[in-house]
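Feature annotations, reproduced from Swiss-Prot:
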type     : residues       : note
ACT_SITE : Lys36          : active site, proton acceptor
ACT_SITE : Tyr256         : active site, proton acceptor
BINDING  : Arg132, Met304 : substrate binding site
MOD_RES  : Lys36          : N6-(pyridoxal phosphate)lysine
Amino acid sequence: MNMKPATAKISSVALKHNIQTIKQKAPQSKIIAVVKANAYGHGVVFVSAAVEELVDCFGVARLEEALSLRSNGITKPILLLEGFFCDKDLPVIAINNIQTVVHNVEQLEALKAAKVPNPIKVWLKIDTGMHRLGVALEDVEYFYQALRDSENVDPQIGFVSHFSRADELECDYTKLQLTRFLNATQNKAGEKSIAASGGILFWESSHLDWIRPGIIMYGISPINVPAQEYDLTPVMTLTSSLIAIKQHKKGEPVGYGGIWVSDKDTKIGVVAIGYGDGYPRDIPTGTPVYLNGRRVPIVGRVSMDMLTVDLGAEAQDKVGDEVILWGKELPIEEIADISGVISYELITKLTPRVLTEYID
């Protein structure tokens, strides 16, 4: 008997392929590889080491993420996409060659007043319509001049913004955001970045000096269309094993609440993964998994540690056989569409109980 529990298999070959695809889509742009949230659940150290030679910078959300990269040998620049949270972080940022976004007056004043050993590279974040982080359009000039006047700031100031609807392929609001960004930064020295994954795929005019691939770097589409259509390869394959096969009678229910009742004699397979591993509890009956070259449907309610599938009466599957929950054989975008849980959330909500296997 040889059964493996829930395992996320992470492919460096797929990662590198996706970076090359991204470069082909935006050949004139430099790349900030977004590896926040443990590289979208893929393992930040493995991912960053795998692509460091292919990218120009890394993007993270927290200083702790940046310092983890530094302590694990990553030497490329790192950008704090939300900026710094505490005044005391600034000397650490300077010493470790970490760049920071500035998006509010509190950060600006802290930066001006800080005692740092060397100037810090700053990206001024502009709110062009996301209305989350960023300085107002009418305040860009003030912030820009204040940053230029500070000895604590590297004179090469960058400009950054973020689309709110780049995944809508025909959206005038995205065009408006780009126009606002270009107008706000015209006649100002400094490199510009507004395109994340949606912008890279669907809005070529937004590529500018830097692009910030996130979800597409991991071979997942920002819309519920399989990423393979954009020449992207899934980096993660989520697998588990059949741990039991049960003969099941017509008219008998399966699982908690008896919400599914078989209309025929069949075989039920029990798979060692559940919501305790991060697989969605509310996923509906009929959602496919991939087993021995075919799709079979989940039946009954997903429980904490297991789910059940209808193998069919004539199934030849065996205990220990590998089951794929998503990956190249079964696009995560399809699971996202069925479950109502976006792919970003599916991959980042996997729990520590899921083993990670780095391959290639």
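Cβ atoms here come from the backbone N, Cα and C positions, even for glycine.
In space, Met304 is the closest of the recorded positions Lys36, Arg132, Met304 to Tyr256 (active site, proton acceptor), judged by Cα positions. On the backbone, the CA of Lys36 (active site, proton acceptor) and the CA of Arg132 (substrate binding site) stand 18 Å apart. In this view, the densest Cβ surroundings among the recorded positions Lys36, Arg132 belong to Lys36, judged by other Cβ atoms lying within 10 Å. Taking the Cβ of Met304 (substrate binding site) as reference, residues of its chain lying under 8 Å away and at least six apart in sequence are, in sequence order, Gly274, Tyr275, Gly276. For Tyr256 (active site, proton acceptor), the number of other Cβ atoms no farther than 10 Å from its own Cβ, over all displayed protein chains, is 10. Look at Lys36 (active site, proton acceptor): DSSP puts it in a helix. The DSSP secondary structure for Arg132 (substrate binding site) is coil.
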